[in-house]
Every structure is written in structure tokens, then in C-alpha cells.
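The structure appears below as C-alpha cells.
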Amino acid sequence: MAGRAAPAPGALLCALLWAAAAAAAGGSPGDNPAPGAFGHVYRGAVNISAERVYAFAYRSEPGQVDAVRVYVNSSSENLQYPVLFVVRQQKGVLSWQVPLIFRGLYQRTYNYQEVSRTLCPTEPTPETRPSDQIIFVDVASMAPFNIAYELLVTRLENFQLETNKAFNFTASPSQPQYFLYQFPQGVDSVIINVVSDAAYPCSVVSVQDIVCPVYDLDHNVEFNGVYQSMTKQAAITVQRKDFPGEQFFVVFVIKPEDYACGGSVPSSIHGNVNRTWNLQRTKNLQVTIVPSIKKSVYVQAMFFSFLGFLSFYLGSVIVAFVHYIRVQRKASAGRLSPEHGSGMMTSSHPISASTPEGSSYGAIDESSSSGGRQLSSPERRPPAGSDTDSSVEEESDFDTMPEIESDKNIIRTKVFLYLSDLSRKDRRIVSKKYKIYFWNIITIAVFYALPVIQLVITYQTVVNVTGNQDICYYNFLCAHPLGVLSAFNNILSNVGHMMLGFLFLLIVLRRDILHRRAMEMKDVYTLDYGIPKHFGLFYAMGIALMMEGVLSACYHVCPNYSNFQFDTSFMYMIAGLCMLKLYQTRHPDINASAYSAYASFAVVISLAVLGVVFGKNDMWFWVIFSMIHVLASLALSTQIYYMGRFKIDGPDSDVGMFRRAVMVLYTDCIQQCSRPMYMDRMVLLIVGNLVNWSFAIFGLVYRPRDFASYILGIFICNLLLYLAFYIIMKLRSSEKLLPIPMFCIVATAVVWAAALYFFFQTLSSWEETPAESREKNRPCILLGFFDDHDVWHFLSAAALFFSFLVLLTLDDDLDTVRRDKIPVF
């Protein structure tokens, strides 16, 4: 930006400058006047025996910051003999050469013959009268021949940026720009918004303290202050407390290449010396500095977050109180009796017994259910005081059963299965088995979270120390710092997961206590009616929800490609635990143990890590992963179809194993191809395998870079498919949906739909370069503090909470139905 020439100083000052310039040059300055004039273009030539010195004087007004810009140009293309320019000020020296050389990727060089630099401005003095300033510009060269040059020195009129006022300017690699900003009274924090119509050339925005020299070239702009790379948009939040002088420089540098911003690199340009580089790499920019939010907004946001989720606690207390009143009224009316439970059997009776045999394993088969009634009677159960945790007793068959029913293979492969067939083990032993889920996930959470917290603290420290804001992918237009944290709003919005996870634990604890009291009273309904009450998986789900909030907050301390798995690891666990809980509901005796389940989760997380490292472009990884995915789907489908009793073994040798496999395939897939033995299970597994194979094919074809989200999508789709199947089969079996689970289902659907809307409002993306990611940044939408992704955090926490309540209350209607009348699906 060229400014108008300053008024000429006094005659005495001019004479002194003339003499000083002549003495420095070793003789008469020739045709060019030694005391230079602002705004005048000086042309000349220099060689090894002739150099030029120019002196520029100006008067600085009290309290005013004056900036001077020097423009130079040389027609020489000889890199061996560049023209050297040295600018001497009162407190510093600035020098450069023309042609000015920039180095790019793979040692490529870019040469510029036009250079302009802003000199470090003079600091305002407390004096009440004007002060005179002198600048010397030395021009020299070691060339044995004359090299022509041009020199122009101007004073900048618009050097100081104003609040809420846009300022337009132009910059290039050899002509960087920087401006001064001073905090106004009452403003503790500002946001520097920089925009450009063109994505390229790639540029860098830096905020530096008022210290000379100012680092305003590509090779040194990262040495001081805070900086970001930029294509079309950049935003930096600056706090008054970080600058004791309450002012700072905003520096704009254009890079010689675009690869840092995701652009292409020219194939061969080494040695291309052309002054048109200045035109090719010019960028128009607009900077606007606006005040950031006040401290009161932080307080409002925290109150909103905590009070909003405390309302869930209040709602839960109200529901529990209403439920307590209703139970007391029913108890006083004598409605809770065995006769009442028997009456419920008719209304909750599954599909009619007239259904043709084999049409559905959910159909009533009186011959099979009669055995179930006999076996599930209280006389056949272990003593109530039995509390052993012996693995032998846990997995043993039941010797008190009739001989033909004692074999698990016979029981679990009946055409029509009922809950009594799969809930025969001692309740206390099975409950202890499921409690292992709870204790194991606490151990996993501690050992997983502590290194994660340490790592993200290191990330944040590196960002604060180096000033490199390209390390973390924030939404910089809505990133509100607090203390050492750069984006406190993204961390605060995860409080919902922790609060609702703890609330879910309280709800499960209440149910657990009520169930224990009923067991102590030897209530017949808790012994032989309803779904067996095992709360270990529910406790594990609550801990997983809380840990998802902790690890999501850790990820958002410095979100990037390397630590995204922190945000998804417990999502895998939540989805897996929900599927296990849904399966355990009607298969309590044959569900997976905690050790095998968590080992499976460990394998999934290991694959996610490998996907982060190798999944970008390596085809071999996707081939291996897709094979593992398909084979795992088939193996799991086989176990589910045969209720865990499918074994490929033979009495002889390996030949017997293969003979058994062939016989199974022939019997179940060819001989009964027209009608499988377990039709409903077969339909579910066929649809499930089609979905998983589709995911495998999609991964092979497109190879998504966000591998962690890809795996999470597989888990979520399988969970939704199984939940839909469960609800459909429940309704098909003439079972009811009580008001509370119905409300939770509707609330889950509505909240998930709203949450996903905000989730897909992409505000940043570590799949791209930091500069390209910032193009997606958008302002806050809630309270001037939270952005779209924060709203996703709020809504997803509520959606997960309602989803857990669906699993907790879905089968409350079966509490008064005998287990030999509850179908298994």
C-alpha cells in the first residue's frame, strides 16, 4: 500500500542527511538526490566499485505509529551477482537481495525480481512534541558490471487496523504485508477473520508481538507468534492477556507453492527466472477484526449445559415417583397376585398354536412348552443360597432334568424355543458372569483414558508453544479458548454424555435394588416370570457412555487424524454392548462372556489403528480387512443360527470334521432349502450378511480415508437391524409396548434424527489439509458459544440415553408372563 509523501523536513535536517549520505557513499551521489523523497522512484545502477546510499527523513507525531514500505526492482537475472539492499533504522537493520529466492518442495527454486517490505514501525513515544526519524537505504552489488535497479519508499496511511472495519489489500511471496492492531478499551478478546475469493495461491496468516524484526517471509514466518495456513478463509482468536503491550502485528505471507494447502506442485520449474511470478502469485485478501464473546457468555453456556441435563434427572425423579405411587395403589388393591400374572399370559400369548409347524420358531408348540414349564418350576432350581462362582457349575449341564432334555444340543436346536429353555443356569452364577462386564470396562477405561489424557495435553502444549494452529482441526470461527484450552466449547458440550451416563447408572441401580428386594421376599414373579434380570451389561453401558464423553472431550482438545480413534473407541463398545444386551435378553445362558466380548472389541480397535496407518491408499489392507469382515460375519451368523451349538468335529480324524461340515451343509442348505428349520433367524441373518457384504464391497471400491467412522457405521447398521428385527418379532408375538418404552422409542428416533442433521453439518475435516478444512468453518449457532458439532454432542448424548432406556424397558410388559410362554428370537 503506497502512502503519500511526508512533508519535507527542515533545511538543517536536509543538509545533515546530504552530508551523511555523501560520506557513506564515499563521494558525490550523482544525479539522484541523496536525501530521498517519499513517493519518488529512484533509478540507478551499481557494481562492485559503486554503491548507492539514500537517506529518508520524516517527522512522527506524538502517539502515532508510522510505518514505511520499501519497494525495489532489478532487471538482472544473474543469481551469481544479486543486488543487495540494506535498510538501517534507529533500532534495527533489514536486508534482502534481488532476485529474491524462495525454495519449495524437493529443492525447487522460485525467483522474484520485484520485492517490497514493510519496515518495522517506530514505537509511539510519550513525548508531547513531534520527533524526527531517519532511514538509510544502501544499494550494492558484487557484480563486475552495472546492474540497474529501481527504489521507491512510501509511508503507509492505513497501517493500523480498526475494529469491525474490513480492510482490503494485495500480497505476494516477495511482497508480504503486515498491519498493527491495538485492543480497544473493554475488549479482552478478538477474532481475526481473513477471507479471499480465490483459494490459491496458498497463504499464511500470523499474529506476532510488537517486536522487531517482523518475520514476514515464507521461510521464517513460523518462527514467532501464532500462525495458520489459508486458502479462502482463516480465523485466529487473540486474547489481550497474551500481549502485555495490548497490541500485535497481523502478518500475511503468500507461499511460493500450494502443496501445503492441498494444491498441486508444478512438475519442473527449477531455474525459471521470470518477473511475471509476481503476477502469478498475487492474492487479494480482506481482513476484519471483531470482538469475541465476553466472560458472561462462558458462564451462560456452562449454566445452560449443566441445567439442561439436570432436567433429565428431574424428569427421572418424577417418573420414579409416579411409578412408586402406581405400584403402591396396585398393591393396596391386591392386583399384584399370581392369578393376575396368569391372566396376563393370555393377553401376551404369542402367535397362535394353529400356525403350521416350522412356520416360525416364535409359534406356540404345547409339547415343547410343557417341558419348559416343568423344568422352570421352583422345585427344579438350585437353592436360593447358592452363590458359587465355579466355572464348572456355571457351564455344567443339569442332571436333575429328564434324560432327553439334559443335552444342550437337543434343547437349543428345537424348532420352537422359549425363554425357559435358555434360562436354566443358576441366576446368581449368571449374574456374576455378567457383572464381569462392568468391572472389566472400568479397568479398560482407566488404562485407556490415562494415556489419552496425557497425549492430548501434550498436543495442546505443542500448539501453545509453537503457535502452529495447523496441528488441530478446530472450527476456528467458533473456538472459544479458556486457560490453556483452545476450544473449550467443544469440550464443555461433552458434559451430557457424562451426566446422562451417570443418570443411567442410577436408574439401573434402582432397578437392581428393587429386584434384589423382590428376590429376598421370594417373589414368584422374579423367579419364573419375565425376562431374567441381569444388570451387569447395563452397568457397563452406563460406564461406556460416560467414557465416551471423557474421550470425546479429549479428542476435541486437539482434533486431528491421529487421535480420532479416541472419539470412536467407546462408540464401538457402546454399539457392541447394546447388541450383546439385546441378544442376552432372550438368550441369557448362551451370551458371550465378558472376556471374549472385550477381546473382540480389542481386535476391532486394533483394526481401526491399522486402518489409520495403512488404510489411506493401500489396497492390500482393504482386501485383508474385507476378507476378515466377511468371514467373521459368516462365523457369527452360524453361531447365532445354531444357538452356539454348531461344532465341526468328527469321531475319527480330520476327515470326520470335513464329513460333518458336508453333512451339515447338505442337510440345512440343500435338503431343507425350501424351508429352513429356523425361518425368522434365517431371514435376519441373510439381511445382516447382505448389509455387511455391502460394506465390505464399498470399502474395497472406495477405500474411505475415515476408517474409524467406516467401522462405526458397520456397528451401528448391525445394531439398528437387530433392534428393528427384535421389535418386529416382539409385536408379531402379540407382546405389548408399554407407554414408557414407546415414549423412549419415539424420543430416540426424533432425537437421533435431529442429532444426525447437525452431525452432517461438516465444520472441519482432517481428511483434507488444515487450510482446506478451514473453508468449512462456520460461526456459532447457539448462545454465541456453541457450533453445530456442539449441538450434535448435546443431542447424541440424549439420543444414546433414550436408546439405553429402550433396551432397559422394552420387555417390561413380560414381567407377569411365564418364561415358558415367552418365545426366543
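Each residue, glycine too, has its Cβ placed from N, Cα and C.
As given in TrEMBL:
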type: SIGNAL; residues: 1-24; note: signal peptide
type: TRANSMEM; residues: 301-325; note: transmembrane segment
type: REGION; residues: 335-400; note: region 'Disordered'
type: COMPBIAS; residues: 344-358; note: compositional bias 'Polar residues'
type: COMPBIAS; residues: 367-377; note: compositional bias 'Low complexity'
type: COMPBIAS; residues: 390-400; note: compositional bias 'Acidic residues'
type: TRANSMEM; residues: 437-457; note: transmembrane segment
type: TRANSMEM; residues: 491-509; note: transmembrane segment
type: TRANSMEM; residues: 537-558; note: transmembrane segment
type: TRANSMEM; residues: 564-583; note: transmembrane segment
type: TRANSMEM; residues: 595-614; note: transmembrane segment
type: TRANSMEM; residues: 620-642; note: transmembrane segment
type: TRANSMEM; residues: 682-701; note: transmembrane segment
type: TRANSMEM; residues: 707-728; note: transmembrane segment
type: TRANSMEM; residues: 740-760; note: transmembrane segment
type: TRANSMEM; residues: 791-810; note: transmembrane segment
Considering the transmembrane segment (491-509), which listed stretch of 301-325, 682-701, 791-810 counts the most C-beta pairs under 8 Å:
791-810
Excluding the flanking five residues on each side, which residues at least 6 beyond the ends of the transmembrane segment (564-583) place their CB within less than 8 Å of a CB in that stretch?
437, 441, 445, 448, 452, 456, 537-538, 540-541, 544-545, 547-548, 551-552, 554-556, 591-592, 597, 600-601, 604-605, 608-609, 612, 640, 706, 708-709, 711-712, 715-716, 718-719, 722-723, 726, 766, 800, 803-804, 807
Recorded stretch, among 437-457, 537-558, 707-728, 791-810, maximising Cβ pairs under 8 Å relative to the transmembrane segment (301-325):
791-810
Looking only at the recorded stretches 537-558, 682-701, 707-728, 740-760, 791-810, which one has the largest tally of CB-CB distances under 8 Å to the transmembrane segment (437-457)?
537-558
Quickly jot the same-chain residues contacting the transmembrane segment (682-701) by Cβ under 8 Å, restricted to those at least six beyond its ends, or write none.
622-623, 625-626, 629-630, 633-634, 637, 640-641, 676, 710, 713-714, 717-718, 721-722, 725
